[in-house]
Amino acid sequence: MPDSFFASTKNRKRKRSVSTAEGARGAKKILRKGKSSSQDTKLTNASARRGVRGAVDEELNSDRTDSEDGGIDDIDLRADVQLETSGDEDEQETPAEKRLRLAKLYLESVKDGLAEGEFDAAEIDRELISERLRQDVLEHSGKVHLFVADFYDFTSTSPLRCRGHRFSVTSAVASNDAQFLYTSGKEGTINKWSLQSGKKIATFYKQRVSKGKEKALPQDIQGHTDEILSLAVSCDGRYLASGSKDRRVGVWDVEKDEWVKGFGGHKDSVSSVAFRKGTQQLYTGSFDRTVKLFDLSVMGYVETLFGHQDSILCLDALRGESAVTAGARDRTIRFWKIADESQLVFRGGGKSAIRELLEGGVFEGHEDEEHVNGVEVDGPKSNKGKERMKEKKYAEGSIECVAMIDETTFVSGGDTGSICLWNTQKKKPVYTQTLCHGLHEIQSSTEGLVRTPRWITAVASLRYSDMFVSGSWDGDVRFWKLDQKLRSFSLVGSIPAPGVVNSLQLLVLPKGALDNASWREKEQLPPTKSSVQPALLVVGLGQEHRLGRWLSVKGEGVANATTVHIIYPRT
């Protein structure tokens, strides 16, 4: 029989945790079974030996002192003490006790992370730890938990205006700690701004491509060579990602203000980039109809996702392993489940008048209105009928932008000027608001006054809250509030934004982040005991749309600039 010292760790742990009484009980159970007497005798003797060995080991362990010489037996016994303890925890610990033990460990780790400064222990236990735990639980739930839209005042704001691009601003994003702002323009440059002083502190210029025999390879070019269409900042504020018309995804180290790497692989312009919240995973969408996933922790490519039938114009992601994309003229929104390698397809809600007529839907719900089966009907609801018929004649041709509200809810905007609210549990929009930014009027020599809806050029949400914003070129950024059941939304306010709104970002302003900013009006600081934090709105404006030159807006106050607004809670 082999020596117990050379047995495996697992076997040693099981043998040492069995007492003499347990060995005797095991022997009695075996004797009760109807097996041969010789086999019973062997099993009984083995069980008894295990029980006696366990008792002897426990006695040796208790009699051992620190003054004894350290031999091989001492090392063996020292290991047995630890193994026996862990074995008792695994075998005798109930699920409730295990949860309690893990919760205590988590609290200790949180306290260690928060107690680096000079804090009072009671204050940490009462405020900091409880707030941290509450925030972690709510964010990881992936559901809307901030109902704050009713508490903000949208009337008085003093924006920071940043002008540093020759052409239209295509994207503008602020870091999560609200210390820096990054903007990109059609001329191919990226500017880095300080939100404390409002001044430009760095510029990443467009690179010139040498022509001739000594043409530089793409991997040797330290920057972009064409227009930059989209920007995204990692949650830790270390990396800035950029998508360009040169078909590359750029990664910048904004702490050192230098180029890190350029990812190829896309066969057309990279229109949108987004980081997964809390990680360094990067999603990119392109005109080549694919979504690619990169991991910046190892600076490597992960995978490519296929499904769209037209260019991807917008992409968004939150904490979960999922992303949502807008597919332009294929009129679909696709919700990508990365871990499952699957996708959900949501088709746009707008239909043409001919299709409505063929499907019989043109007379649905209009029995009391102007026409019923071709017969005119007079009544008090005839005006409503005309309005509904006018709204139905705008067919949705393209879905331009999309933004996630929580892990299962998102909103989209298209060229009909409508904003749709979606949920992953339904294929059709939960709610649709038409003509959100009004009608654009053009005087035609042949047709007279032509009215077309202003399409939605950008949307953004305050993450996990009941508030989101939309932009067009009517001169305003509009704030919308979701109802408690996430079934509809309504307009709650607007902020002036002259020009074409090419980019929007909305985030909660961290406590004390911009208290000392030179451009912030001190008299508008919110009360210190307010439960609602101010919000930061970043608006990228231009005279042209970020993807083309088919739209040009000129007038008083219209400029290629970025405005930063602080939305204060009501006092």
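The backbone N, Cα and C atoms fix where each Cβ goes, glycine too.
Here TrEMBL flags 26-35 as compositional bias 'Basic residues'.
Taken from TrEMBL, the feature compositional bias 'Polar residues' applies to 36-47.
What TrEMBL lists as region 'Disordered' is 1-77.
Here TrEMBL flags 162-203 (among others) as repeat 'WD'. Across the repeat 'WD' (162-203), the DSSP tally of helix, strand and coil residues reads 0 helix, 22 strand, 20 coil.
Below 8 angstroms of C-beta separation, residues 170-177, 179-180, 182-190, 192, 202, 204-209, 268-275, 277-280, 282, 284-286, 292, 294, 296, 299, 546-547 of the same chain, each at least six residues beyond the ends of the repeat 'WD' (221-262), sit close to that stretch. Residues annotated as repeat 'WD' in TrEMBL: 221-262 (among others).
Non-local neighbours of the repeat 'WD' (263-304) in the same chain are 218-219, 229-236, 239, 241-245, 247-251, 310-319, 321, 323, 325, 327, 336, 338, 463, 547; each lies 6+ residues outside the stretch with a CB under 8 Å from one of its CB atoms. The annotation repeat 'WD' is assigned in TrEMBL to 263-304 (among others).
The repeat 'WD' annotation in TrEMBL covers 305-346 (among others). Outside the repeat 'WD' (305-346) by six or more residues, the chain places 139-140, 142, 268, 271-278, 283-293, 396-404, 406-407, 410, 412, 414, 422, 424, 427, 463, 547 with a CB less than 8 A from a CB of the stretch.
When Cβ-Cβ distances below 8 Å are used as the criterion, the repeat 'WD' (162-203) is approached by residues 224-233, 235, 237, 240, 242, 244, 252, 254, 257, 500, 502-503, 505, 507, 509-510, 513-514, 516-519, 536, 538-546, 559-564 of the same chain, each at least six residues removed from its ends. Mapped onto DSSP helix, strand and coil, the repeat 'WD' (305-346) counts 0 helix, 23 strand, 19 coil.
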